[in-house]
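Peer 1: The structure's right below; bear with me while I get my questions together.
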Amino acid sequence: MDLFARYPFIFLLVALNYALVVVSLVHLIFRSHYTVNQRLVWMVVLWLVPVLGPVGYWLFRLRRG
């Protein structure tokens, strides 16, 4: 864990990003009213675009109501 000792802020940002991805996936799977195709697209976005994916999901979710 030498990396954590040298770069704790970056480690924290990466951990927060993955926590946000997990929370977004749980919400997407269990609490949203998207079709299966839309859910699969959002899952790909959440995993392939690690920074913008979760933020985009929540912004579009809030706009949709």
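Cβ from N, Cα, C; glycine included.
Predicted automatically and left uncurated, TrEMBL annotations should be read as such.
Keep in mind it's a predicted model, so treat the numbers as computed, not measured.
Residues annotated as domain 'Cardiolipin synthase N-terminal' in TrEMBL: 19-61. According to TrEMBL, the feature transmembrane segment maps to 7-29, 41-60.
Are these features on the surface or tucked inside, and what are their neighbours?
Peer 2: Cβ atoms under 8 Å from those of the domain 'Cardiolipin synthase N-terminal' (19-61) belong to no residue of the same chain, restricted to positions at least 6 beyond its ends.
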Peer 1: Could you give me three numbers for the domain 'Cardiolipin synthase N-terminal' (19-61), the DSSP helix, strand and coil residue counts?
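Peer 2: The domain 'Cardiolipin synthase N-terminal' (19-61) comes out at 35 helix, 0 strand, 8 coil.
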